Amino acid sequence: SQVSLSAISHSDSASSTQSLSHGGVPELLIGLSYNATTGRLSIEVIKGSHFRNLALNRPPDTYVKLTLLNSVGQEISRCKTSIRRGQPNPIYKETFIFQVALFQLSDVTLMISIYNRRSMKRKEMIGWVSLGQNSSGEEEQNHWLDMKESKGQQVCRWHVLLES
């Protein structure tokens, strides 16, 4: 029973209003921009919604990890947000810059993974999404293309997270 992603994703910057009890899907609001002159790919991790801690009945402590991969899947660069504690709808508002030459922009993949940090240094993935060459879906592919065409303007989209 595949639901079309475009039907449930929100391309506006308005927050998802469903509460946890309505079974909202975990989503992440991402802002992308690219400056072709400087070769700066800017990713803003804005906020998440409906993050759940499956093991315990309390909101998770989460962080977002960004990994930039080259055309053969090797890691070029990575970074992560600081941890947001006990928030089902965390606001990150953290921006990360990757150096990517214009000619490489079509060949890189941006992996975005959301982790729940648990006790004793264990972590579990809440979900992930990828944009760029190996986009995880049509919405992600479109977001990347819109960013490339936006001439340096930030393009913000909600992305429904995929299960790990």
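Cβ from N, Cα, C; glycine included.
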The annotated region 'Disordered' range in TrEMBL, which must be one of 1-21, 127-147: 1-21
Summary of DSSP states over the domain 'C2' (24-159), given as helix, strand and coil counts: 15 helix, 67 strand, 54 coil
